[in-house]
């Protein structure tokens, strides 16, 4: 399978270094190997998604292995849930591909797609991980045919439930990872006067049945520069005063707790 046209939703066919639909809408592949399927009219800003600075901080932090237990847990679920008839999986909001390439390596017989709205992140991902098929696209308008995916992975990424239901095959899976109540409490303690437990959103995915929920919690011991990179990755970075950044950078060791919720949803038959 391949992509569908983001303009007319018909299948895209690969012709040399381009994807072309029956209406002759054409999308050229970049030299790094990805394709941009985000039409200008679907952009909310000139350069949507993470900046180069945010992407580089996330890559440095993830490459150090601090979130590898989360990655390993999702890989284990994919191996357990997908049978030998599976053909395609999609990582939504894949960023620079840290999780995505592990899915591809664990499932070599399956085509692994990575999607993100950030061109900067996808360019870096495609250059580093040629075993994955990457695209720049909106998670709210997935450029894939109906019932084309055996599994979709969403790690912190938004996506309309109706799009998930449209793209996932009957009996297929959506795996989500979201922050649990105590996720990064120590980091929040440097920023906020009062730190409250994160209230997990009780998500409902129409057309899916929640088959399993699991918690993954473990401590991290970070260097100062790693703690700074972690803060840059978070949605509360913009609330951090200059002295918070300076305090973190000066630390030899910063201990912090992770708390992830992993949910497995199965598409109704």
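Sequential numbering from 1, following the chain as shown.
Even glycines carry a Cβ here, placed using N, Cα and C.
Taken verbatim from Swiss-Prot:
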BINDING   5, 8, 21, 25  Zn(2+) binding site
BINDING   67, 96, 97, 183  S-adenosyl-L-methionine binding site
Next item on the list: Let me know how many other Cβ atoms fall within 10 Å of the Cβ of residue 21 (Zn(2+) binding site).
Entry: 19
Item checked: Long-range Cβ environment of residue 8 (Zn(2+) binding site), under 8 Å and at least 6 residues apart -> 21, 23, 25
Checklist line | Other CB atoms, at most 10 A from the CB of residue 5 (Zn(2+) binding site) | finding: 21
Notebook entry, point to check: If you count Cβ atoms within 10 Å of each one, which of the binding-site residues 25, 183 comes out on top?
Noted result: 183
Checklist line | Pairwise CA distance, residue 5 (Zn(2+) binding site) versus residue 97 (S-adenosyl-L-methionine binding site), rounded so that it is a whole Å | finding: 23
Notebook entry, point to check: Counting across all protein chains shown, how many other Cβ atoms sit within 10 Å of the Cβ of residue 97 (S-adenosyl-L-methionine binding site)?
Noted result: 27
Check: Given the binding-site residues 67, 96, which one's Cβ is surrounded by the fewest other Cβ atoms within 10 Å?
Finding: 67
Check: With the Zn(2+) site defined by 5, 8, 21, 25, which remaining residues of that chain have Cβ atoms positioned within 8 Å of the Cβ centroid?
Finding: 4, 6, 7, 9, 10, 12, 20, 22, 23, 24
